[in-house]
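As structure tokens, the structure follows; a few thoughts come after it.
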Amino acid sequence: MKIKNSSVKAKTANLKNPSITQRGKFIVQGGQPLAGEIQLAGSKNAATKMLVASLLTEEECVLENFPEIGDTETVKELCRSLGSQINEKGSFLKIKTPKIENVESFALRYRNRIPILTLGPLLARVGEAKVPIVGGDKIGSRPVDFHLKALESLGAVITIEKDYYRATAPYGLHGANIIFAYPSVGATENAVLAAVLAKGKTFIRGAAVEPELIDLIKMLQKMGAIIELGANRQIYISGVEKLSGVHHWVIPDRNEAVSFACLALASGGNILIKDAIQDHLITFLNAVRRCGGNYEVKEEGIRFWRSKELAGLELETDTHPGFMTDWQQPMTIVLTQAQGISVIHETVYEDRFGYTKDLNLMGARITVFSKCLGELPCRFKNRGFPHSAVVDGKTPLKGTKIKVPDLRAGIAHLIAALIAEGESIIEGIEEIDRGYEKIDERLKNLGADILRIKGN
Ligand code: EPU
């Protein structure tokens, strides 16, 4: 099929909310306990994939509780460049892609890693795709070998060009047996998105089972896909010929929930997180109790506070249902305020403690080790990666100037600034805006003294 190569540049100029991706800094006067209620936005890691899933049908998809954040702006821009029409009002979004007009999704390669997930839908809809070679970032090398191997077994032929992958499916996509050596979220999503319209049955073993992925599967099921979840990380898919439009409500963002809970615990405040879902946070809630924090699960959400001195604890990050790697950074701030030694073993990404250097400049005592300081099986054992940390608490923090390296490090820095004595200047806040909706406005409602300055 011949695709008209429309101008990506012209279409990407059409950003609804460019301020989200604009550079800027926060000036924070810290030191107060934060208290009140905060409403969760829809999940970034579900909503971005749902936009990609909408490309599988020519019919309209309606998404409610859709977050207004930098990463969804980027993916909307990507979808528009592929041919999608998008209408939105607040957290209500309609997307329709009657025709794929362009198979290139590498224009936005530096903003996030979502373009790689368009491989499956583009191959299914038009048999052709060009996606960027996404490199490593500040948390590890982040290869996509599992994605490519899974798509190849589904019938894709993938070649590496200068800075992108070109994929075709000369005989269409067909069912396959896929075994993942590690339950990668993105690779499982890619395989599912490709398999739902493939001919025949697909059997995925070693799949990721994160709540965001399950929500994506629920959306696909409503669109007409046949997907079964088996025990032990198994997913069975019977390919169908066509998917239809859908109306779906995006799950609340559990990473926002954990960040705000950590803010309550670290600042000695009391925050009701509206729409927080206990099922999505079970391992986190156990960690809160183990370090001496309190929570109460209520109908409208979960309330967090501390009523006694916090104590250090041992933590290991893992795939769901384990303690999530994206919770490690905000939880580390809590542990700087806990009495005694805490030990953290990061088993998902090999290099996710870079942000602790700035925390040490603020007064924390955190030492990073390449040894595995935990018991979980770890792919980074004896490989020299700085993937364990010891936090020696409790230490008061003082305000400083920080440049945010990535999203979750950024929220950790922001929490640190909010509990530190004096003024902090946080630069590179577009990283935080990638995943947290109107964060400054919502924090002000909790009593935070935070000022957004636009520009460099
Ligand atoms: N991996 C491979 N090969 C692959 C794919 C992954 O070796 O082909 C490795 C990665 O290098 C990593 C591990 O597998 O060591 C897990 O990576 P995974 O594929 O599960 O991560 P992802 O899909 O790229 C998503 C979230 C991350 C979150 C992880 C783990 C999105 C957009 N990103 O990334 O979220 O940390 O799953 O749950 O959904 C964030 O929101 O800030 C963020 C980084």
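Backbone N, Cα and C atoms are what each Cβ position is placed from, and that goes for glycine too.
Nobody curates TrEMBL annotations by hand; they come from automatic prediction.
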TrEMBL annotation, UDP-N-acetyl-alpha-D-glucosamine site containing R113, D326 - matching residue among V126, V343, V348: V348
Mean per-residue pLDDT computed across the domain 'Enolpyruvate transferase' (28-443): 95
DSSP state at N45 (phosphoenolpyruvate binding site), helix/strand/coil: helix
Nonlocal neighbours by CB distance (under 8 Å) for K44 (phosphoenolpyruvate binding site), same chain, sequence gap 6 or more: P67, I69, D71, T72, D253, N255, R434, G435
Other residues, Cβ within 8 Å of R113, D326, V348 Cβ centroid (UDP-N-acetyl-alpha-D-glucosamine site): I139, V185, T325, Y349
Alpha-carbon distance [N45 (phosphoenolpyruvate binding site); D326 (UDP-N-acetyl-alpha-D-glucosamine binding site)] in Å: 11
Other C-beta atoms that fall within 10 angstroms of the C-beta of N45 (phosphoenolpyruvate binding site): 23
Euclidean distance between Cα atoms of N45 (phosphoenolpyruvate binding site) and R113 (UDP-N-acetyl-alpha-D-glucosamine binding site), Å: 11
Intrachain C-beta neighbours of V348 (UDP-N-acetyl-alpha-D-glucosamine binding site), sequence separation six or more, cut-off 8 angstroms: T317, D318, T319, T325
